[in-house]
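Enquirer: Dropping a structure here in structure tokens format, bear with me for questions.
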Amino acid sequence: MQRSPLEKASVVSKLFFSWTRPILRKGYRQRLELSDIYQIPSADSADNLSEKLEREWDRELASKKNPKLINALRRCFFWRFMFYGILLYLGEVTKAVQPLLLGRIIASYDPDNKEERSIAIYLGIGLCLLFIVRTLLLHPAIFGLHHIGMQMRIAMFSLIYKKTLKLSSRVLDKISIGQLVSLLSNNLNKFDEGLALAHFVWIVPLQVALLMGLIWELLQASAFCGLGFLIVLALFQAGLGRMMMKYRDQRAGKINERLVITSEMIENIQSVKAYCWEEAMEKMIENLRQTELKLTRKAAYVRYFNSSAFFFSGFFVVFLSVLPYALIKGIVLRKIFTTISFCIVLRMAVTRQFPWAVQTWYDSLGAINKIQDFLQKQEYKTLEYNLTTTEVVMENVTAFWEEGFGELFEKAKQNNSNRKTSNDDDSLFFSNFSLLGTPVLKDINFKIERGQLLAVAGSTGAGKTSLLMMIMGELEPSEGKIKHSGRISFCSQFSWIMPGTIKENIIFGVSYDEYRYRSVINACQLEEDISKFAEKDNIVLGEGGITLSGGQRARISLARAVYKDADLYLLDSPFGYLDVLTEKEIFESCVCKLMANKTRILVTSKMEHLKKADKILILHEGSSYFYGTFSELQNLRPDFSSKLMGYDSFDQFSAERRNSILTETLRRFSLEGDAPVSWTETKKQSFKQTGEFGEKRKNSILNPINSIRKFSIVQKTPLQMNGIEEDSDEPLERRLSLVPDSEQGEVILPRISVISTGPTLQARRRQSVLNLMTHSVNQGQSIHRKTAASTRKVSLAPQANLTELDIYSRRLSQETGLEISEEINEEDLKECFFDDMESIPAVTTWNTYLRYITVHKSLIFVLIWCLVIFLAEVAASLVVLWFLGNTPPQDKGNSTYSRNNSYAVIITRTSSYYVFYIYVGVADTLLAMGFFRGLPLVHTLITVSKILHHKMLHSVLQAPMSTLNTLKAGGILNRFSKDIAILDDLLPLTIFDFIQLLLIVIGAIAVVAVLQPYIFVATVPVIVAFIMLRAYFLQTSQQLKQLESEGRSPIFTHLVTSLKGLWTLRAFGRQPYFETLFHKALNLHTANWFLYLSTLRWFQMRIEMIFVIFFIAVTFISILTTGEGEGTVGIILTLAMNIMSTLQWAVNSSIDVDSLMRSVSRVFKFIDMPTEEGKPTRSTKPYKNGQLSKVMVIENSHVKKDDIWPSGGQMTVKDLTAKYTEGGNPILENISFSISPGQRVGLLGRTGSGKSTLLSAFLRLLNTEGEIQIDGVSWDSITLQQWRKAFGVIPQKVFIFSGTFRKNLDPYEQWSDQEIWKVADEVGLRSVIEQFPGKLDFVLVDGGCVLSHGHKQLMCLARSVLSKAKILLLDEPSAHLDPVTYQIIRRTLKQAFADCTVILCEHRIEAMLECQQFLVIEENKVRQYDSIQKLLNERSLFRQAISPSDRVKLFPHRNSSKCKTQPQIAALKEETEEEVQDTRL
């Protein structure tokens, strides 16, 4: 970045903003880059501003029981805020004084007042000077207030972020990511531009009092008639505003429903294409869009009337003010013109400035109160450690993620010093914890010496992660004692990658040691992966490590933990994403050898790890099921260990699958014995995978899983109203905000039966905001959210004993960020955070306007109609002016007088022109109030938006995956949310306002030109100057706005990234580093925003200067060239003043239109995306009600009796090569093999070898070369949809969209209920569906969060059965499944797909046993294609993964005598069907 010219600018340069000329010149000539932006002034740096506000806030916390954030802000910014407010007031006062001078100028032309004619020129000079003074006062004042608003936002941004890093895990558990994003986006944005309006709360009353005093002098009591009308108008507009909000609130829910489905479609676009659901999804979204547009039109019409009310009110204000006075006393022309000028100022003040100011204060105070509540939430407390301790001890520890009643009691006791409570009462409260919630850990005891390995095992939700959190201090124990040294390193269960290089992610701020670094890289098997990158370990990873596979991310996270030299290493399921071979090697080389002398606590379910551990701790439902060595486990719990070892190849399972088996085993062999499980308990067990309330609750914000991004809306339930909810003070209404929601269902179900909560699940979702649609959080994993927090909101006790010296010393004692700032490179920041640069022009091209206008032919006719009406108005005006000009004046004797004859109503020929000034200037807007022009325009523009949305949706659904893979999901979603919202809401009314203002100006200029042709000559260069200046400014401003928008996303991305890795950050003590990184992102955004504000003010000031010159010319031309006509001078000067304000408004509207049209450009860019080859011919399919569907439906050829293709499922692959992009490197090369009909083929290979890619290539989802034939039919000879319908698919990423069970199983509505129930029965889904109210009509939300992963897999299986496909592709179908659900899938595959060809990608060994052939993929090529016997006889990858003992298990029929003592997994089949269903539920 360059040094800012502002630092060396003179006072004059600062006053006129001339220091921005270099950037304006550069932006006009070439495209601006980040390096062209000026550095921010030191006073605007986030470090300085946050330090200043934090110091004042700490003082406020220390000095008062009820600290107020507004007091801290007042001490920081008040005097500058008031200084600019006074400047603003003085500038507004000049507006009130100008009409006085105008009246004196008109009076000087009075035939009876000729002595004042000589001073008219001096009055003209005074009037011009007032305009100059106003310009010099207003613009610095407005810029100064914007600047202060920006500084307040920066300071509060930083304060919120720092507080977020300090929040306790319990508080984070109760706050959704949406609320944090709302704090940073919705609320704080109000300060930036809103602060300039805040002063009008006191300026407008003073201004109205001054104006009414001046009008009183002219018109006496009748002046209040006009004021009364304005007040009524303001109230009318407020009523319209409330009506508009009502429609918008109703519409918000509909928008949300559409965006939920759209986001699910975008996230699962590969599955949508694999299922051939493009038309079904398009129809579903378009139906929701139709309902949404009905409410959009209503809101737009109300807003249209609200906007028009301002335009037409001018005439009535003047008319109502003047008419009573004229009827009673008569009036002179001077008073009419002076009143007009006063009323223009009065109208703006009462109907615009004051309501805006009140709204600004309301919004700002509400935002400050929300932030204040957030800043007082409970902070994370680090435990006191003994650095000399070498052992880890836990004695009788019990802990709750929920606050216990005893803790609430302690807080209440602190807040009420008068209340005394005995120790007996404390014991009573602590003993009643169980009444309020289940402890996540209870009565845990263990002790491990230095250098020992403790393996922690247990079922999902048993409390394994909570145990590690308690050791780290994230979870406070309610009872018991924890003892360790405090030097901890931590590896999270969900691998977390910070933005930066691989090396920075591993070192993570620790001093660099080359030998240690290389040792860790080798031990974690990262050397081979790093060598593949051109930049080696200096390759920059984006947010969430999106360039890496899951296994690579897991190994980097593990390497980070191992690299840090600590006494205690906490490893939370670090091997979950690794294949069998890699897991074995890393466990041996890293955990057992490299860390042999360190104390380690490893969360695992792998039997091999349990055998090698020094101690084993098995948890079950928060309690210690077993603690001891592995030999003791075998002796004390032989049933447990034999049961685990009885599962075929249990050691080969991933961590998640082993967890599922442990869950089942612990349930059967619990401490209570083998008592039968009641139906209620079984049902509770059924949702344990997705609804566990203890262990999983903390995941709401700290440990996100499954990257599905959705928008959601929630209506507050009574349960939420009682809970800790950030927005609990807001009325019960729908609010929109952007929030990444989760696929998991922990938080959607309260801790009661699903039956009772079923009806409330529909559309009860966390609120979400459209402002965040400009941010790039889309690629990260999503965050869980809470809906059932039921504890009271209790604030922290004030720190009354903290002195100012303590506060300051606390600031100094924190780790400084000076050395950290050197580590952060701005180019790295750009690579880490920024979205893809938009390749659209800086200024909207004429081609975009032309294309937009021609989208709908009606729009062209409407615009022509608008122009015809305007020309008719101008023509009528000119005809009447000509008629009056050629009509002889009335005889003086016919002049009318009032009854008392004291005041004459002067009627002259020129005064009659005033009537037509009103007609030309105002009649245009009066007609707009009717249905002649405005409403058809708004209506048609919304129709254009509807067409563009439909075209874009169709284009995205038909685009090839190679194109979609280059786009971020959030970027696509922004087009459907942010840009479509602009097309629906802002663009139609902005275009209407611009056309309206433009026609008013042209009409006024036409009248002036007729009255005084010389002034028309002066108008031409002004218009030319305006067009040139606008073009010059627009080129730079739009680029700056784009850079500012790109610079905003890193702030929110960094927030989400920090939250995902918060436990890791705290364990490594890297909060100061991330605060500095956050400040860097803030400073980058500030640099762009400050420059945009400065250049905008430069432009506004230049426009005003041009108009001041124009007004000077008009004034002197009219004074010097006009003869005796006071009416002519009055009309010209009044119109000139009106033209100045209106044309400036029109200029700003034109810039707004150009800015909003960029959204149209982005939409056109998506509409122009290429489509997939082999687009199928679509035919309409009549629905049951006989109506034709607007969306074409694909008919399934396999349901026909004369089924021709595919008949057998024979598949031949010849020289198949697959690439992600057309010119990219091949991912698979020269794959050739053939499959016989009905054969089962297993795909083998390491993680990332290309197994899933091969399945995608079969479906033609990639750029492919070569040929595939099914039953002799080549894929080139049929359409893409026909080809894909030949396959049934069970993808790795399960796709459940928001809709009914029926829609999810049969989106094209091809099957009857009986057929769907039959298939549901086959796959074991019937009992699941019957548990829900409405059964098949029950609406699933949040990706089917009320279903376990196994149930979702069964849904996919049911879809494949319904499709009657001949070839079935299965990509990890058993991932995350419990044994019972897995057995059901195996049984269904055998029965329903007995005659089908099955291609299986699976890590479970026993699943592969049923395959006749195996395809081994290595280094992008087929290495082997043989039977399992041949693979085991050779030195193959498959053989390496199988231990000798496992090979014995693979062939029990050959080694029956050796296997008699081994329990078989077939034992599960002995259960009755009821037991199977109950276990699944």
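Every residue number used here counts from 1 along the chain in the order it is shown.
Quick reminder: no glycine exception, Cβ is built from N, Cα and C everywhere.
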Enquirer: According to Swiss-Prot, do GLY149 and PHE976 sit on the same side of the membrane?
Expert: yes
Enquirer: Out of ASN415, ASN894, report back the residue that Swiss-Prot marks as N-linked glycosylation site.
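Expert: Record annotation (Swiss-Prot, N-linked glycosylation site): ASN894.
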Enquirer: Quick one: which of ASN48, ASN801, ASN900 has N-linked glycosylation site in Swiss-Prot?
Expert: ASN900
Enquirer: Tell me, how many other CB atoms lie within 10 A of the CB of ARG1246 (ATP 2 binding site), whichever protein chain they belong to?
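Expert: A 10 Å sphere around the Cβ of ARG1246 (ATP 2 binding site) contains 18 other Cβ atoms.
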Enquirer: Once near-sequence residues are set aside, which residues in the chain of CYS1396 (S-palmitoyl cysteine), 6 or more away, have Cβ atoms under 8 Å from its Cβ?
Expert: GLY1209, GLY1238, GLY1288, ALA1365, LYS1366, ILE1367, LEU1368
Enquirer: Just to verify a number: CA distance, GLY458 (ATP 1 binding site) to CYS524 (S-palmitoyl cysteine), in angstrom, no decimals.
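Expert: On Cα coordinates alone, these residues lie 25 Å apart.
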Enquirer: What's the CA-CA gap between LYS464 (ATP 1 binding site) and SER549 (phosphoserine) in angstrom, rounded?
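Expert: SER549 (phosphoserine) has its Cα 25 Å from the Cα of LYS464 (ATP 1 binding site).
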Enquirer: Measuring Cα to Cα, how many Å separate ALA462 (ATP 1 binding site) from CYS524 (S-palmitoyl cysteine)?
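Expert: Per the Cα atoms, ALA462 (ATP 1 binding site) and CYS524 (S-palmitoyl cysteine) stand 28 Å apart.
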Enquirer: In the predicted model, what is the mean pLDDT computed over the domain 'ABC transporter 2' (1211-1444)?
Expert: 80
Enquirer: These are the binding-site residues: TRP401, TYR1220. Which one scores highest on other Cβ atoms within 10 Å?
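Expert: Top count of Cβ atoms within 10 Å goes to TRP401.
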Enquirer: Across all the protein chains here, work out how many other Cβ atoms are within 10 Å of the Cβ of CYS524 (S-palmitoyl cysteine).
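Expert: The Cβ of CYS524 (S-palmitoyl cysteine) has 27 Cβ neighbours within 10 Å.
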Enquirer: Would you kindly give the Cα-Cα distance separating CYS524 (S-palmitoyl cysteine) and TRP401 (ATP 1 binding site), rounded to the nearest Å?
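Expert: Cα to Cα, TRP401 (ATP 1 binding site) and CYS524 (S-palmitoyl cysteine) are separated by 33 Å.
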Enquirer: Using Cα coordinates, what distance in whole Å links SER549 (phosphoserine) and GLN493 (ATP 1 binding site)?
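Expert: On Cα coordinates alone, these residues lie 15 Å apart.
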Enquirer: Give the helix, strand or coil assignment DSSP yields for GLY458 (ATP 1 binding site).
Expert: strand
Enquirer: Which one, from the recorded positions GLN493, SER549, SER1252, has the smallest tally of other C-beta atoms lying within 10 Å of its C-beta?
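Expert: Output over recorded positions GLN493, SER549, SER1252: least Cβ neighbours within 10 Å is SER549.
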